[in-house]
């Protein structure tokens, strides 16, 4: 039993007091875990674009003060009543969505959209009692997607924790708890390109590069990267991108450009921007008869997807995916093992490292479009 079990822990956390304002390192109180909840010591966290999006208050009813962060790795400090498959000392990755293992979605081999623990960006409290476990001098600080990893200690539902190989380096595999797995799984689990196939990836941010990495692992012969920023092509080559298309360089629609490059269209495509102007060509550029397009990017709430019905009747398939169709507790440990077995290259996604005290610099990198992933070390 740890010396802190059952007690309130005081630790540092990066608190967002207002939308778009720099985070402030504060001393916060973290309450002990209740039933089916685990308290985790976060060792490394990363910044995902989703954190920035909601910090800017673009995607929800503004909820502040709040502790963001959802891409991280840590060690279990203590567990609440009813937690049987985790114990103090276990290495875990917190995940923004969960797996209760009891609902119809969790019991289905075809879904990872847990009824109980599916992502909820508006909820800033725990499920048990509708209250926060973070506070400063008695004033509650809100949670974010059930993880809040910008705190040295956090509490999360047991269903949102993937128990992983204790030999795996947390400062590397922490990035597998969100964006990288989303792109990787969209390719390997949903799009499933055959060896020697042609693939197009729309959007070469972290998720798109992970999708390209998945296509490389699957043995695709041509991986065409599509992005409005030509400066991304050189970096993208490290992830298997063999050709690059910038829609701004062509007078005709990009789906026509790709069709001409590939004798009628690619076998598989994946859209990772959330922009309708990319989603439509990502679907229309796949080959008739067998082409499959997968949508990963989250569109604007008022966006409308339009395409001619003949695109479907000509046997093109359009699919959507959530978190790469991975079940957090069941599947993410095996993704970590792909890294440990040298099947998956993770290190090349990590372009910056910072101490926790400089977390705002990570936001600057993201806002300027510099790098892919920045690892933040919680202990200095």
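Note: Cβ is positioned from N, Cα and C throughout, glycine not excepted.
In Swiss-Prot this protein carries:
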type    : residues                                      : note
BINDING : 48, 50, 70, 178                               : Zn(2+) 1 binding site
BINDING : 50, 70                                        : alcohol binding site
BINDING : 50, 203-208, 227, 232, 273, 296-298, 323, 373 : NAD(+) binding site
BINDING : 100, 103, 106, 114                            : Zn(2+) 2 binding site
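Projection of Swiss-Prot feature records onto the structure.
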residue: 48; record: Zn(2+) 1 binding site; Cβ contacts under 8 Å, 6 or more apart: 70, 71, 178, 179, 206
residue: 50; record: Zn(2+) 1 binding site; Cβ contacts under 8 Å, 6 or more apart: 70, 96, 178
residue: 114; record: Zn(2+) 2 binding site; Cβ contacts under 8 Å, 6 or more apart: 97, 98, 99, 100, 103, 105, 106, 159
residue: 204; record: NAD(+) binding site; Cβ contacts under 8 Å, 6 or more apart: 212, 225, 226, 227, 229, 232, 233, 235, 236, 241, 272
residue: 208; record: NAD(+) binding site; Cβ contacts under 8 Å, 6 or more apart: 183, 201, 202, 225, 227, 270, 272, 273
residue: 296; record: NAD(+) binding site; Cβ contacts under 8 Å, 6 or more apart: 182, 183, 186, 207, 211, 270, 271, 272, 321
Once the DSSP letters are reduced so that anything not helix or strand counts as coil, what is residue 206 (NAD(+) binding site)?
helix
Across all chains shown, how many C-beta atoms besides its own are within 10 angstroms of the C-beta of residue 178 (Zn(2+) 1 binding site)?
28
Can you tell which of 70, 232, 373 has the most other C-beta atoms within 10 Å, given these are the binding-site residues?
70
If you count the C-beta atoms lying within 10 Å of each candidate's C-beta, which of the binding-site residues 103, 106 ends up with the smallest number?
103
Counting across all protein chains shown, how many other Cβ atoms sit within 10 Å of the Cβ of residue 298 (NAD(+) binding site)?
13
What residue among the binding-site residues 100, 206 has the most other CB atoms lying within 10 A of its CB?
206
